[in-house]
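Record features (Swiss-Prot):
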type    : residues                                                                       : note
BINDING : HIS26, ASP37, ALA38, GLY39, GLY40, MET41, ASN42, LYS95, TYR128, THR152, ARG172 : 1D-myo-inositol 3-phosphate binding site
BINDING : GLN32, PRO33, GLY40, ARG246, LYS251, GLU334, GLU342                            : UDP-N-acetyl-alpha-D-glucosamine binding site
BINDING : TYR321, ARG322, ALA324, THR348                                                 : Mg(2+) binding site
Amino acid sequence: MASQTPGTEAQSQTVQPGRIAAISLHTSPLDQPGTGDAGGMNVYIVEVAKRLAERGIAVDIFTRATSFEQPPEVELAPGVTVRNIAAGPYGTLDKTALINYLCPFVHGMLRAEAEHLGGSYDLVHTHYWLSGQAGWPVAREWGVPLVHSMHTMARVKNMSLAEGDTPEPEERVRGEDALVALADRLIANTDDEAAQLINYYGASPSRVSTVFPGVDLTTFTPGSRAESLRRLGLPEDTILLLFVGRVQRLKAPDVLLRAAARLLELNPSLRDRLVVAVVGGQSGTGYREPWLLSDLADSLGIADLVRLEPPCPRAELVHYYRAATVTVVPSHSESFGLVAVESQACGTPVVAARVGGLPTAVRDGVSGVLIDGHDPHDYANVLHRMITEPRWRERMGAAGIHHASGLSWESTVDGLLAAYRDALHQCRLTVPCR
């Protein structure tokens, strides 16, 4: 899945990193996904780091400390260490404020590396633009390649903003432009993201690798729907529409609520069995308090059907997926769509917006349905068919299991290692690195 620079594949196979510095400045890999700024990127970093360590590659993940009670080092897994770097005041800061604390963060990283007895780093992999701003001076100081994953891009997000949402600042756009110029290797989650890097940011195709994210196929598996419904305290005949993710305008949980209200207009007989579950916490602009979503449900006349649930560990989340009739992912922007893949791995079809990486995460018409735009009426029509045509829905569920089986984290790491080897090889040819 990872692209290779022509003519370098054979040579790059002999170069292997022994120790990697990953940077996730604005959100800790120890945070619960679905809360604050923690989401699919956090899952990505943790799952990749664990599997790299299983292959003998040590990974240190640098993040900003948010409490004086946090120790400088936390072992996340054998071979994976989270390093909490003091930079700026403790507590949660808005991402727009973090740019002011890049210098102390960089200083903290350099000091941590200088004091560490385990040897130097072979490569720096940064996640999100803020991490990249801290990562490129560190990589240059150490003389190692910089690999960067955007995860989301300002220009792309600004082209698909939800109504009332705040555009990404020009400062971020300029920062991403700089990273495209400075990084030795850019990792795209999908072919669509790779094209965006090339077309909107002028990235050289030879320095872009497409590596699909994965899913934990040992946790997210098919199981008894009846048992999962019982665990959630729901009757066996429940029609469960599921949303998983941070409660923010970008993720568009309001579209699901409006679609559910429209669904009942189409078929009022569904009301006694319908439940809409929103599993996730507050984040980002808009929806400053979860109760605002409750107000919307009340205004739509479906407050009695909506369950607002806090983010939960994967061992619990899997039961929501198994119990769901369909998982709805109506995002305005999505770099990949991990929730959609997790749902399919559990055998539950997906109805999603045709944006970003979701056409890769969901096989339209096979494992789910992709919808152009965010009109609740369009979602309601598809959901009604999903509910009233169980055989169609079951075929999609089975196809989703097959589709997700090809998106393992092991395959992701295979692709990343190919990109790492290529970056290391190119770096050796052009010492000092770019």
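Even glycines carry a Cβ here, placed using N, Cα and C.
Feature map: annotations from Swiss-Prot on the structure.
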residue	record	contacts (Cβ under 8 Å, 6+ apart)
ARG172	1D-myo-inositol 3-phosphate binding site	TRP129, ALA154
LYS251	UDP-N-acetyl-alpha-D-glucosamine binding site	PHE243, GLY245, GLY280, PRO330, SER331, HIS332
TYR321	Mg(2+) binding site	PHE220, LEU242, VAL244, THR327, GLU342, SER343, ALA345, CYS346, THR348
ARG322	Mg(2+) binding site	PRO222, GLY223, SER224, ARG225, GLU227, SER228, CYS346, GLY347, THR348
ALA324	Mg(2+) binding site	LEU240, LEU241, LEU242, ALA277, SER343, THR348
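Counting other Cβ atoms within 10 Å of each Cβ, the binding-site residues ASN42, THR348 show the lowest value at ASN42.
Nearest in space to ASN42 (1D-myo-inositol 3-phosphate binding site), taking C-alpha to C-alpha distance over the binding-site residues GLN32, ARG246, GLU334, is GLN32. Between the CA atoms of ARG246 (UDP-N-acetyl-alpha-D-glucosamine binding site) and TYR128 (1D-myo-inositol 3-phosphate binding site) there is a gap of 17 Å, rounded to the nearest whole number. Same-chain residues with CB within 8 A of the center of the TYR321, ARG322, ALA324, THR348 CB atoms, the Mg(2+) site residues themselves not counted, are ARG225, SER228, LEU240, LEU242, VAL318, HIS319, TYR320, ALA323, THR327, SER343, CYS346, GLY347. If you take the Cα of HIS26 (1D-myo-inositol 3-phosphate binding site) and the Cα of GLN32 (UDP-N-acetyl-alpha-D-glucosamine binding site), they are about 14 angstrom apart, rounded to a whole number. The Cβ of GLU334 (UDP-N-acetyl-alpha-D-glucosamine binding site) lies under 8 Å from the Cβ of ALA353, VAL355, GLY356, GLY357, LEU358, ALA361, each on the same chain and at least six residues away in sequence. Less than 8 angstroms from the CB of TYR128 (1D-myo-inositol 3-phosphate binding site) sit SER24, LEU25, HIS26, MET41, SER149, MET150, HIS151, THR152, each of them six or more residues away in the same chain. All protein chains considered, the CB of GLU342 (UDP-N-acetyl-alpha-D-glucosamine binding site) has 27 other CB atoms within 10 Å. In this structure, GLY40 (1D-myo-inositol 3-phosphate binding site) is part of a helix by DSSP.
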